[in-house]
Structure formats: C-alpha cells, structure tokens
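Read through the structure below, which is laid out as structure tokens, and then see the notes.
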C-alpha cells in the first residue's frame, strides 16, 4: 500500500509536469497540413451519449470526395491548399470519422464523467487515473507471484523488483505524454495484470476447489482488454496455465467435477460475451466483425496499402528489443536515437528501411538490462526441467516462459506499425516479469547451495534499469519533453545532475 501510494503520487506529479491540455492545433508533416485534436476519447464518449458510434466532427468536402483518403501526401497537400485540414490519427470510413482505439475507456470513464458533471474529462486526468489503477494492478500481480511462486525471495528484493517493473512498464512515459494514444494502453495495463493475479489466487493455499468468483472476475478483466488494446487479449493464455490444474478432473460425477464445470464456464463465458460485443461493434463501424479499424487510420502512411515484408517485420522486432541507448556527454546524457537530425550517428538504424520510427531512447533490453539474463535463465530452466522435483519451481518457470513468449508475439504485432516508446509499454511488463520468474527459480537453487552472486547481479541490474528510466524521462526530443513543455523544471534538473 505504501509503495502504491508513493508511486501514485509520482505519477500525478509527472502528469502535471508537462502542463497538459486537450488542445487542437495544425501539424506540418512532409510538406502537408493536418489537424491534431487530442480530445478524441471525449468526442467518442459524446458520440456514445448521443447514441452514435461515429464521431460528429467536421469532415472536409475534399476528404469525402477523395478516391483514396488514406494517401497521406495528397491529403496533406489538400489540407494545406484549402486551409481545411483533415484530422490526424483518426479513423475515416465511408465519409465519417471514427475512433479506432478501444471504446471501453470512453464507455466507463469519459462518458460517465460527462453525464454526471456536464463537463469534459481532460485526457490527462483520465491518463493519471488509469495509470494509478495500472500501478495497483502491476503491484497486485507481482505480490501474487512473490507469495505463490517466488519462494525464498526476501521482501526487500520483491519491493525492488516491483519498483523496477513499474518504472520500466511505461506508466511514467504514458502520463508524461497524456494524449489519447496513452489511454487504451493504460486501461489494458490496469486490467490484464489484475486479471492474471486473480486467476493465480483462485485456488488458495489448502483449498481443493477453485474460487469461481475469482476466476470469473479475472476472465472479465482480461477479456475487457480487447475493448482497449486488442493485443493484450493474448494474456488470456495464462488462463490455461493457471486454471487447468484446478479444473481438470477424471471423475465426471464427483463434487470436484461440478466445481470444475462451474470454473470452466466462469473462465470462458466472459470472453464469449465481451468478444461478441466487440464483434458487433466492429461490424457496425467497419462492416467486418474482425476489423478493428487500424487500417483506416489517417496517419503518416497509407495503412490500407502498406505491406511489411517478413524481413522488415523481424527487423522492427529487433529494434524494439535491442536498439542501443544513445549516450551523450551533456545533460541528460541520453538522446533520441531515432532523431531525424542528419548528424544523428544512429540514423543508419532506421533510414531507408521499411519501418515507422518515432522518438526512442533505446530498446527494451537496453533500458531494462535485467532482461539480458532472460535467455540464459530460460536455457538453464530447460536443462534442469527433467531433473526438477519442485512443482512450484516448474510452474513458476513455465509462467515466466509464457510471459517472455507473449512479449515477443506482441512485438511482432506492434513492430510493423512503428518502433517507438509507446509500443514498448505493451510488452516491457511481460518481459520483465517473465525474466524475474525464471531468475528466481535459478536464484532459489543458488541460495540453497550457498551462492549469493546471482542475487547481487539481479540487484545491480535492477538499480541500473531504474536509473536508465530516470534518464529517459529527462531526454529531449520525445513528445512533451521537459526542455520544451517545462523549461524551468528541465533547467533545475540540469543544474542538479550536472557536475
């Protein structure tokens, strides 16, 4: 509780540090003019309150008349020539604007606030609120893993791990850039970890029958991620790993079997209900139950025609994980590795390649060096798997491997759409938790044999990772960077950290 309160306070302070507002302004991009409107989620909520699924925003006549409205060059040119630009990063389909981001935050947060108060909910306030919930969700999951699987791990180390994971999860970045992009990611981070934790807690110590309400609530939370950021629905695989030992039975007439049947229904039914609701919503918007609308996004490229080769897809995944940190000699000692400045020494990483680079301080492994141990820990787990007599260690390792695999899968999904700090938020928490699960299996064996070196290495890498996250927060070049949004704070930090 104390850790959550401290972290929540930090998140609130970070949110207000950039003086956020739901402003509307023109964007000059590749010689064209576009309109950026940060209140997209509030406008979606207004649409729901008025019984619509499309957003009632001005559509330029020229945009509705275009043969291909997704051609960014033509769209930008017409926006500049007419003085009536199209909106940036809004979905456009059959002459109407839509929000292709998940509708759940609009339904459960923005719309109720407007209905109760009659005023708009600032996107930054929504980001801060969801970030606080996401922080609690991550702490809840880490505490659950510590109590059930990380046997022999001292509390102080669990607290350090929790601090490092929350710091690296992207919550701090998302509240520093409190735009509509951050809302669905924060909402998913508030849902998925808590759902996984409830699944893990659904069979308490000494209980032989599963706690069906925990299973039902956990499934509901995880299933709701499809209405926020669909890639998070992959975390449903934890339902199989965590619930299967509880619901399997050989005697179909036993009391145990009846509990297993109820648990199975509780696990599956929320996914069916919420999945069908999203399919209906997609059909109503884009005439396809499986089309979430990402291809209709009016952005810096034509996503309806974009083809990403396997080579480019793999390269984008490598960048998400392995892009090095661009250290400099001047405060804050790091730089935007994907800066478009011709003098950028790291430009070779993204120039003339079929990727969409945005502000980036470094890949997941570079910013969270504890992940360097993920591969050796996984190899060691496989080598010792057959000889292991510890069921808790075996299951903890399996959970860790699942986290790692999901991180890679989500990177494969996100990579073709861009390599940026925002997408790291989808997978970093998975990668770090998976790494720690495998490392604590290894560390338990090492401690039992009187070897403490691994504990020292873990602590050192976690502390280094926290320090790198702090540097990333201060790095100029990112959206809403302090040197632009809050020069006084940036100057104070420069004096503080300049020796």
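If you go along the chain as it appears here, the first residue is 1 and each next one adds 1.
Including glycine, each Cβ sits where the backbone N, Cα and C put it.
Annotated transmembrane segment per TrEMBL: 121-142, 154-173, 179-200, 221-247, 259-281, 360-383, 395-417, 423-441, 453-474, in sequence order.
The stretch from 154-173, 179-200, 259-281, 395-417 that makes the most Cβ contacts under 8 Å with the transmembrane segment (453-474) is 154-173. If one looks beyond the transmembrane segment (259-281) by at least 6 residues along the same chain, the residues whose Cβ comes under 8 Å of a Cβ in the stretch are 53, 103, 202, 209-210, 212-213, 215-216, 219-220, 222-224, 226-227, 236, 239, 243, 246-249, 289-290. Among the stretches 154-173, 395-417, 423-441, the one making the largest number of Cβ pairs under 8 Å with the transmembrane segment (221-247) is 395-417. Contact between the transmembrane segment (154-173) and the transmembrane segment (423-441) is supported by 3 or more Cβ pairs under 8 Å, counting only residues 6 or more apart in sequence. By the count of Cβ pairs under 8 Å, the stretch nearest in packing to the transmembrane segment (360-383) among 121-142, 179-200, 395-417, 423-441 is 423-441.
Contact check: the transmembrane segment (395-417) against the transmembrane segment (423-441) gives at least three Cβ pairs closer than 8 Å, residues 6 or more apart, which meets the contact criterion. Taking Cβ pairs closer than 8 Å, the transmembrane segment (179-200) reaches residues 38-41, 89, 99, 101-102, 104-105, 123, 126-127, 130-131, 133-134, 136-138, 140-141, 143-145, 148, 169-171, 214-215, 217-222, 224-225, 228-229, 232, 235, 238-239, 242-243, 422, 425-426, 429, 479 in its own chain, all 6 or more past its ends.
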